[in-house]
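Quick one: structure below, then a few questions.
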Amino acid sequence: MNKDIATPNRTKEILEKHGFSFKKSLGQNFLIDPNILRNIVSHADLTDQTGVIEIGPGIGALTEHLARSAKKVVAFEIDGRLLPVLEDTLSPYNNVEIINQDVLEADLNKVVEEQFSGYDDVVVVANLPYYVTTPIIMKFLLGKVPIRAMVIMMQKEVADRITASPSTKAYGSLSIAVQYYMDAEVSMIVPKTVFVPQPNVESAVLKLTKKAEAPVEVIDEDFLFEVARGSFVQRRKTLLNNLQSSMRDGKAKKEQILEAFEQIGMDPGRRGETLSIEEFGKLANALHGEFKKA
Ligand code: SAM
């Protein structure tokens with residue numbers, strides 16, 4: 001087996017050889033601990049039939065571990081300066097394709113269709129650029145990209161928000177949007193010391209696994225998320241107050257909102273943070289019906 005990229009010495013050697021300097025604005029914190037990488041990869045349950053999408057390969061630390069276990073790895077890297085580096089470090093692997101593109105600009109369904117045609121198993125594995133963690137996750141979920149799971153490193157604080165349960169401080173519209181599609185669990189907490197340069201925040205690896213079916217049947221998913229966002233605009237306010245000021249640009253009628261609560265037998269004086277996803281689903285469906293009448 002080839003020598004791991006992710007050791008402090010080898011990483012330093014590669015960076016010096018290519019005269020590479022980190023761009024903080026691109027969230028460039030590279031992993032220098034092979035044990036962490038093995039651990040991340042083990043949570044992805046890869047087989048030699050799995051297709052992997054990676055976001056931000058950097059100098060290839062995680063990519064090479066993925067290439068050793070999966071059938072094929074397709075990695076999006078925004079920073080063109082890393083292309084010659086990756087060509088060098090990943091030269092022993094013939095099952096890696098680098099796409100020099102901002103993942104947020106990519107047509108992910110098309111990429112899956114073209115790169116993983118005939119694959120039964122596609123997963124996302126990444127040490128994410130932290131400044132775009134949420135948009136990247138939501139792009140995969142809202143775009144209904146056909147993946148089994150995501151095993152992703154992110155700020156611990158965001159992982160806590162995604163996995164939060166009702167009636168906790170971290171619970172909010174992000175918990176609802178992600179948990180609507182995926183089962184979410186923190187696989188491990190990761191110290192700052194395994195990165196170069198070290199980030200300012202604690203990190204965690206989160207495993208998201210696609211739910212077999214949605215936890216609640218909703219008329220309109222986007223509307224559910226709009227209701228969820230609107231319910232948390234001011235956490236200390238009641239649902240009625242928050243929804244009245246947020247729905248329909250603040251033009252929703254109080255009577256209509258109250259009518260929706262009445263229909264489902266829910267107290268409009270509750271706070272958003274106490275509602276389960278199922279309850280948000282019911283509320284969204286009732287509000288949807290009321291607003292359609294107007
Ligand atoms: N995978 C490497 C590792 O673990 O050592 C590097 C991870 S580093 C946290 C994030 C990587 O994502 C960087 O290589 C950065 O250039 C890249 N990146 C940042 N924004 C991106 C975007 N919008 N699309 C694709 N790649 C991006």
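Glycine too: its Cβ is placed from the backbone N, Cα and C atoms.
Unlike curated records, TrEMBL annotations are generated automatically.
Since this is a predicted model, take the numbers as computed values, not measurements.
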Determine which of Glu13, Glu77, Glu87, Glu157 appears in TrEMBL for the same S-adenosyl-L-methionine site as Asn29, Leu31, Gly56, Asp102, Asn127.
Glu77
Mind looking up the mean pLDDT for the domain 'Ribosomal RNA adenine methylase transferase N-terminal' (36-212) in the predicted model?
98
Can you tell me whether DSSP puts Glu77 (S-adenosyl-L-methionine binding site) in helix, strand or coil?
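Once the DSSP labels are grouped into three classes, Glu77 (S-adenosyl-L-methionine binding site) ends up as coil.
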